[in-house]
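Reviewing the structure listed below.
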Amino acid sequence: MAASSEVMPASSESIVLRLFEVDAVKFGDFTLKSGITSPVYFDLRVMISFPQLMTDVANLLWDKISASKFISLCGVPYTALPIATLMSASHNIPMLIRRKEAKGYGTKKLIEGIFRTGDVCLIVEDVVSSGSSVLDTAEALKSVGVLVTDAVVLLDREQGGRQKLQQEGITLHSVFTMTDILTILKGAGKLDSQTVDKVACYIEHNRFQPDQTVCSLKPKVYDYEERAKLCTNSVTRRLLEIMGEKRSNLALSADVTTSQELLQLVDKVGPHVCIVKTHIDILEDFTQETVTKLSQLAARHNFLIFEDRKFADIGNTVLHQFGGGMYNISSWAHIINAHGVPGPGVVHGLREVGASKGCGCLLIAEMSSAGNLATGDYTTATVSMAEANKDFVIGFISVNNLTSDPTFIHMTPGVQLTAGQDSLGQQYLTPSEVITNRGSDIIIVGRGIYEAKDPVEAAKQFQLAGYDAFVARLTEFMTS
Ligand code: S5P
């Protein structure tokens with residue numbers, strides 16, 4: 001671990017001790033958003049209850065950057081906002097505020113405050129791990145023409161954020177590194193050597209790669225058969241077994257509009273996929289015979305059927321939408337999906353119908369389309385909802401790996417052999433980006449297959465690319 005490069009002013013030490021006393025720095029076992037267990041946790045939000053401490057922290061941050069050139073400052077929401085406010089008021093430097101979401105009414109501003117194109121703004125942050133929060137704020141400022149060359153942070157966790165930011169042209173000034181915190185707390189008798197070693201070891205082994213914006217903390221990677229044995233949910237187990245048997249992590253999104261096209265496509269492509277995903281309500285000529293034949297193809301070619309109905313209503317309504325009506329989805333789909341927006345009632349309603357029929361549900365935690373709102377706290381809350389309903393929720397629609405729990409499946413739509421975007425906001429990533437780099441399990445491919453000149457050849461290509469990407473992730477894990 002890198003040692004701190006500068007001598008710290010005397011007051012720095014007392015501030016670390018006070019942060020420790022108010023539980024802003026905690027040691028133990030903490031599950032992070034990524035699902036990884038960390039032996040150290042920083043919750044600097046508590047500082048707002050200790051105004052003197054917050055003022056002292058703001059002063060320390062200011063001392064770090066007085067040499068940098070900027071004409072405004074902007075705190076990363078939310079923890080750093082009051083700190084930035086104190087710095088702004090004490091030194092008479094104008095402040096900008098970045099909205100986490102642009103307002104849907106009025107002026108629709110992403111950045112509040114007065115600025116001109118070419119202004120240089122300093123970013124203020126409490127803790128930097130991967131650097132992605134600072135980068136998000138820098139991007140938002142850049143989108144309105146404001147430049148960012150420097151960021152100041154109270155704590156650099158030494159997990160690669162500094163390097164990542166440097167790569168993007170932002171110099172990080174940190175008051176403390178994780179090493180400083182450990183040294184001070186150990187010196188003051190607050191931590192024993194065992195804890196210090198444990199944290200040092202954790203940091204050493206959990207660095208973010210500078211070329212990635214998402215968490216690259218890699219949990220154990222299982223092969224499909226090994227992972228199937230860990231699953232108690234019969235749908236997840238069966239799916240992983242199929243993935244192992246067929247060497248396929250490919251889901252066909254069969255978004256065609258007639259029953260004949262659907263059944264012909266599925267019959268040809270079926271041998272190469274682990275899942276066929278339908279939007280049954282886009283068929284012009286749906287009859288029960290369509291799904292009877294689809295189920296026969298599922299048995300013949302050994303895949304599961306996923307109806308992409310995206311349920312999003314109160315429990316009582318989704319119960320009827322899933323369990324009856326013209327499509328009677330629960331009678332033929334192995335997997336369905338739902339938005340978490342209505343709260344856990346949506347899962348409970350679907351479970352009432354689906355659990356006894358051996359159906360599993362995916363929650364839509366992230367989406368592939370540009371500007372979608374399933375991000376940040378919403379995504380985190382969706383993962384919690386899944387964890388609370390593990391008997392029925394089998395995983396996520398997402399574009400990143402959201403939990404290290406191997407019994408949850410991640411399925412990612414928006415996949416083509418080359419990255420890009422369609423004219424309606426769909427964003428495409430490649431199989432290797434999705435499976436190797438982002439740690440998802442299944443690629444969902446629609447137009448990349450059914451619009452290809454030869455859908456079978458295209459499916460084979462995606463099957464190979466997806467499986468190779470999985471083997472690359474497995475190999476990387478085994479050799480790291
Ligand atoms: O965020 C999402 C979630 C889903 S399920 N983005 C998506 O594109 N989907 C679905 O995946 C979408 O409804 C479509 O059926 C498929 C992607 O199709 P493609 O033609 O763009 O590959």
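All residue numbers here begin at 1 and follow the chain in the order shown.
From the backbone N, Cα and C atoms, a Cβ is placed for every residue, glycine too.
Because TrEMBL annotations are produced automatically, they should be read as predictions rather than curated entries.
Quick look at what TrEMBL annotates:
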DOMAIN    249-462  domain 'Orotidine 5'-phosphate decarboxylase'
BINDING   D255, K277, S368, Q426, G446, R447  substrate binding site
ACT_SITE  D308  active site, for OMPdecase activity
ACT_SITE  K310  active site, for OMPdecase activity
ACT_SITE  D313  active site, for OMPdecase activity
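Local packing around the Cβ, expressed as the count of other Cβ atoms within 10 angstroms, is greatest for D308 among the recorded positions D255, D308, K310, S368, Q426. Highlighted in sequence order, S253, P413, G414, I444, V445 have their Cβ within 8 Å of the centre of the Cβ atoms of D255, K277, S368, Q426, G446, R447, the residues recorded for substrate, and are not part of that set. Cα to Cα, K277 (substrate binding site) and D313 (active site, for OMPdecase activity) are separated by 21 Å. Screening the recorded positions K310, D313, G446 for a C-beta under 6 A from any atom of ligand 1 leaves G446. A simple Cβ count within 10 Å picks out one of the binding-site residues K277, R447 as the most packed, and that one is K277.
Spanning the listed substrate site, residues D255, K277, S368, Q426, G446, R447 have a farthest Cα to Cα distance of 17 Å.
Rounded to a whole value, the Cα-Cα separation of D308 (active site, for OMPdecase activity) and D255 (substrate binding site) is 10 Å.
A coil conformation is recorded for S368 (substrate binding site) in the three-state DSSP classification, outside any helix or strand. The binding-site residues D255, S368, Q426, G446, R447 include none with a CA atom within 10 A of the CA of K310 (active site, for OMPdecase activity). Following the DSSP three-state reduction, the secondary structure of K310 (active site, for OMPdecase activity) is strand.
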